[in-house]
Structures are given as C-alpha cells and as structure tokens.
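Engineer: Dumping what Swiss-Prot says about this protein:
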DOMAIN    3-166  domain 'EngA-type G 1'
BINDING   9-16, 56-60, 118-121  GTP 1 binding site
DOMAIN    184-358  domain 'EngA-type G 2'
BINDING   190-197, 237-241, 302-305  GTP 2 binding site
DOMAIN    359-443  domain 'KH-like'
REGION    446-465  region 'Disordered'
Amino acid sequence: MSFLVAIVGRANVGKSTLFNVLTNSRDALVFDFEGVTRDRQYGQAKYDDLDYLVVDTGGISDKDVGFDEFMAKQSQIAIDEANLVFFVVDGRSGLTTGDEYVASLLRQKDKKVVVVVNKVDGTDEEAAMAEFYSFGFDKVFAISAAHRRNTQKLVDKFLKKPLNEYYQDYTQTQEHKEQQRHGIHFSLIGRPNVGKSTLTNRMLGEDRVVVFDMPGTTIDSVSIPFERHGQKYTIVDTAGVRKRGKVKQTLEKFSVIKTLQAIQDSNVVVAVVDARQGISDQDLSLIHFAIKNGRALVLAVNKWDGMTEEDRIQVKQDLKRKLFFLQDYVDIHFISALHGTNVGHVFESIDTAYACANKKITTADATRLMQLAVEAHSPPMVGKFRIKLKYAHVGGHNPPVIVIHGNQVSRLPNSYKRYLENFFREALDFRGTPIVFEFKQSENPFADRKNKRSKDEGSKSKKVK
C-alpha cells in the first residue's frame, strides 16, 4: 500500500498545477463516474526510489450541494486516507472564507498538514505566508507551482522524512502480513455496478456481500478469506458494495484510493468489465495501473448472458483493439456472475497467473534463455560495436524480474527489449503476469589495472628522464 499525498483546497488555487509537478504530468488516472460532474486525478510519483500516490481532490466549498456535495465527500475520503495533506492556498489573492472553511475541516482530522502558499512569484514570500499562520497549522511554505519555484524544497522539507518513516514501518508490517496472508490474495476491480459484488458472491457460494444497483455506494473494501478445492484465497471486492450491517446507511463512499491500494496489496488482480457497456477509459486506467505495479492480471467480461452473437463479436473486436498492449498474455473470460457461467475458469487463471508470477528460475536457466534469444536474434550494432549481453539472473518475484548484464545495454532499443520479453514469456510459458527486465552495465574488471599500469608507466618515464 503506497504512501498517499492529498492535495486539497478551494477551487482555482493551483492544486492541479502542483499535482502535475509532483507526478511530472505522467500516468494521471482520471476517473469519470456516472453522476459525477468533475474528473478526479490520481497519479504515481517518486521521491528517490520510493513511490507514492498523489490525489488532486478538486475544489472544496461550504456551498457544495448535489453532485458537488458528492465530490466534496470524495475529497474528505482522500483526506481520511492521506498520510500527508498539502493544503493549497492562493498567496496572491490572500486568505478567503473558502480557505477558512477548508482549514476548519482539516482541523477536525488528525493529519499532517502543510499549508502551501501558491502563486508567490513577484511577491514577498514572508508577507504572503504571514496571514495563513492564523489557521493554526505549524507548517506553512511558499511556492510557485507554475514556475516550479520551491517545489523541490517543498518535498525535500516536508515529504522526505514521513515518506521514509512510512516505508520503514510498512516493510516490517508487510513482512508480518505476508506471513499471515491467507493463500492467494486477489482483488476485483472495475467501475461501480459492473457486477463485482455478484461475482464475489458467486465465488464464495453464498450471499456474503449485499448487492446494490446504485453505483458508488460503498463503505469500505470487503476482504474475505475462503477455501476452494483445497486452495486458500482472500478476495477483496473494492467497491460497489455495502456490508449487510450497513445497509441503512446512505454514505456514498466509492473510493478510487481504496481500489488503487487494493491493487498494490494483491497478488492477482481480476479486472471486471461490463460486456454491455464495453471497456472504458477508466477500465484501461485501472488495468494500466495494475500492470505498472507489476500485478498479475485476469480479465472477466461480465453480463455475457443474453447478448446476441452480433453484439458478442463486436465486444470481442473492441477488446482486441483496446487491449492490444496486453500482447495476448492475459486470459480473458466471458462470464455471467449472476448464473455462474465460466466463473470456474476465472479461478483457474488466477491460480496460473499467481504460479507464473512466483515461478522460481535459476541463474543458469535465465542465462541460458538469454543466450538462446541472442543466438536467434542478435542485439543491434552501436557504431562499430555490437551490444553484448553477458549473463542474466532473477532479481525478484511477483512480478518476475530478469536482470541482464552486458556492455552498452543502456543503448538497447525498446524493440529488442520487447523481443526479449516475448522470448522469455514463450519459453517459460508465463501467463497473466508482467515481466520486468532490468539492464545493467557490466564493470570492466581490467579498468583499474589498466589505469594503474598507465600511472606506473608514467612514473617510470619520469625516472628515466
């Protein structure tokens, strides 16, 4: 589960600009749910070698009603889940009643809050920050997100320490969780109302989860351990459900954050798609996020029953076009969660994907496969010399990491890297799991000796003179 930074504040203070700076505008996950008037942005960022999630919460106002009230609740969910809150205000326009409203909400939470005074370019920083100390938060810092002024200092000063502390604690906790983990841990992800809860009940064989037609009405992710044919599992239904005891509550708490964290905490991710609605940009965002995080993947296309043959052909063509990047290594099952059609095959693919993601490969086998790949198709020339791959070994599991050492590997083209991935995947029969390749430049064992010899020869020549 990643460290989470929530960017909050009233509208038009520069939250999205700061989001883009922290994430380098890359891999933004934008979700546009039915009944939601504004997109939400979730991004992955990195500080040193540590990953963290950033959420741009949208504007919070005391006048939020209707859909805006829904979005305000989403912002409060983000605050509740956050490890660190960047409360962004406008240093140019000064303190407003809207800022005071957001501050009052944050004071009710036991959260680490940094008041980020934005848009201070051309103004005196100390003067711009002064009035915002009245909120009662100790940490106040001035930046210009648009010009990247002080943004690196912001993360160095306020993010570095809590991020490192979090991952020190998380590593110890994660080791304990792995020891206590009940079998294969898999999550069901997808848009609200695609049938995840029905599929959960079908997999469990009982009505453990109450199903609702209204999208986005969830209290929390539901985690349930169970056993099937001697294999232990833990299933996580990430959204679209409410626990039986909470039926009377009307909280609309669909949390994308919960979904992203469930993906990171799973061995295998089952992406559930509604066959009648087709695959959406949001589905693709979740699938990309799972792959980027190295998660084994299975695709379940639900509500397949009752569709005409013509519609089924159209759905399959649409899937092939939009999921081309999966390179046919992910199993796709056309199911009916309601009637149980093909659900058993989903379990088979979960087992296969988990086994492949954790397959043990020796250094000898990895090197042998690399040599076979090179014999079949040599790396390209770089100038007068050919890129040389020397040996390979396994660098990790879930996902499998193959580390290849050689000369000039930094200049290896992406096309050859894809060739190696396909070669290893076919040779090892990897299904459902991404494969991560790392390329490392081999050290020249004679470099120091050569330099030393050059120095010795230089000394001798001086003595001769």
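Every residue, even glycine, has its Cβ placed from backbone N, Cα and C.
Please go over these features one by one and say how buried each is and what sits next to it.
Structural biologist: DSSP assigns Asn193 (GTP 2 binding site) to coil in the three-state reduction, outside any helix or strand. With a 10 A radius on its CB, Asn193 (GTP 2 binding site) counts 20 other CB atoms from all the protein chains.
Helix first, then strand, then coil: DSSP counts for the domain 'KH-like' (359-443) stand at 32 helix, 26 strand, 27 coil.
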Engineer: Looking at Cβ-Cβ distances, which residues of the chain lie under 8 angstroms from Val120 (GTP 1 binding site) while being 6 or more apart from it?
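Structural biologist: Listed in sequence order, they are Gly91, Arg92, Ala128, Ala142, Ile143, Ser144, Arg149.
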Engineer: Counting across all protein chains present, how many other Cβ atoms fall within 10 Å of the Cβ of Lys196 (GTP 2 binding site)?
Structural biologist: 28
Engineer: Return the count of C-beta atoms lying within 10 angstroms of the C-beta of Lys15 (GTP 1 binding site), excluding that atom itself.
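Structural biologist: Here the count is 27.
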Engineer: Taking Asn12, Thr57 as the binding-site residues to compare, which has the smallest set of other Cβ atoms within 10 Å?
Structural biologist: Asn12
Engineer: Look up Lys15 (GTP 1 binding site) in the DSSP assignment and report helix, strand or coil.
Structural biologist: helix
Engineer: Using a 10 Å cut-off, grab the number of neighbouring Cβ atoms around the Cβ of Gly190 (GTP 2 binding site), all chains included.
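Structural biologist: Cβ-Cβ neighbours of Gly190 (GTP 2 binding site) within 10 Å number 27.
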